[in-house]
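Comments concern the structure below.
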Amino acid sequence: MIMEMIRAFMIITIAEMGDKTQLLAMTFATKYSTRKVLLGVGIGSMLNHGLAILFGTILARYIDLDYLQILGGVMFLVFGLWGLRVDDGDEDEVKEKYGPVLTVALAFFIGELGDKTQLAAMTISTYADFAAFVLAGTVLGMVFTSSLGIFVGVKIGDKVPEIYIKLVSSIVFLIFGFTKLYDSLPVEYVSWKYFGIGSAIVVAIAVYMSRQMLQNRHRESEYREVADELKSQNIQLRLAVENLCLGGECGNCQGSSCAVGFIKEVLDSEEMDDKRIEFHKKKFSEEELVEAISMTLYHYFKNIEKNLENRKLDLTKSALEKTVFGKVVEGKKDFADYMSYVKRLNSAAGIKVENRLKSLGLF
């Protein structure tokens, strides 16, 4: 039982590495708390994979096990090639009108319909004895890869390009497929005449699709690159602010009258006009404040270098400056000039922020 759950978990985890649903989880994390996003992922995946496993279990009753093993091998090859296709980027548009958890659940339910992970769940269930444990494994795999996607987006960013993760994932699936077919096909078909030529054709297709995917990566528009950069920044701002929030220690939540509430409202809002930075003072953790404003300033100065604009980041910077230094700092676009100014406002905090920014590689 446990081995079936672990196997399902591992297969779904490999299938989802670098997939669009990981990026979808990162996108939702810019608007909602990580907990709500992962809860939505779990609900949507459970419904989606539940249907697939139910169908796979029924299928296993009427088809010989040997044929199912061969079908499983073929499906793994399909998953490997599928992961190399060029995404059109338009599959994840879901209207947000049902609240955070239901919106995420609906997005993942629809986004996974007919996707390789749903088909993988169905394939696993055709030769499993405990369908419920397979479902638990696939759902845990989806939640794990989504949380990993959010973490990678925040902590690693562009250091590990998504395209290379997808390539490794596809190679692993192709190996699974070849191995399963080699073990399941009748002996007369496991020869160079059949298996060798068939494998060569699949590898040739995989190489061609890999080249197409790599070429497409280099043709990405500047708009897409900028959008991804800003999206990543907003994810990091959201998580930094979540760590800053005092939670129950506050008493009654004051919403946008609190610095944290104001920043959350900014990150959730589509309209950036008329945002007045006025809120009550609170005793936040000094360590978390330094971390939050340091991450914000890091992206602020990087955006100046790249000539990028992020209105949400600018408002977040202003709110944190007022909280840490007592006033909004305007017109300081040179790092040394900025640090010299804020250290005059609050020497201790300014030095800590400067040291943190230098540790992030900003000089």
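Every residue, even glycine, has its Cβ placed from backbone N, Cα and C.
According to TrEMBL, the protein has these features:
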TRANSMEM  37-61  transmembrane segment
TRANSMEM  67-86  transmembrane segment
TRANSMEM  98-114  transmembrane segment
TRANSMEM  130-151  transmembrane segment
TRANSMEM  163-182  transmembrane segment
TRANSMEM  194-210  transmembrane segment
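Contact between the transmembrane segment (194-210) and the transmembrane segment (130-151) is not supported, since fewer than 3 Cβ pairs fall under 8 Å when only residues 6 or more apart in sequence are counted. Of the Cβ pairs linking the transmembrane segment (37-61) with the transmembrane segment (163-182) and spaced 6 or more residues apart, fewer than 3 are under 8 Å, so the two regions do not touch. When Cβ-Cβ distances below 8 Å are used as the criterion, the transmembrane segment (130-151) is approached by residues 1-2, 4-13, 15-17, 19, 21-23, 25-26, 29, 34, 37-38, 41-42, 45-46, 49-50, 53-54, 56-57, 108, 117, 120-121, 124, 235 of the same chain, each at least six residues removed from its ends.
Residues 15, 18-19, 59-60, 116, 119-120, 123-124, 126-127, 166-167, 169-174, 176-181, 183-185, 202, 205-206, 209-210, 212-213, 216 of the same chain lie 6 or more positions beyond the ends of the transmembrane segment (67-86) yet place their CB under 8 Å from a CB of it.
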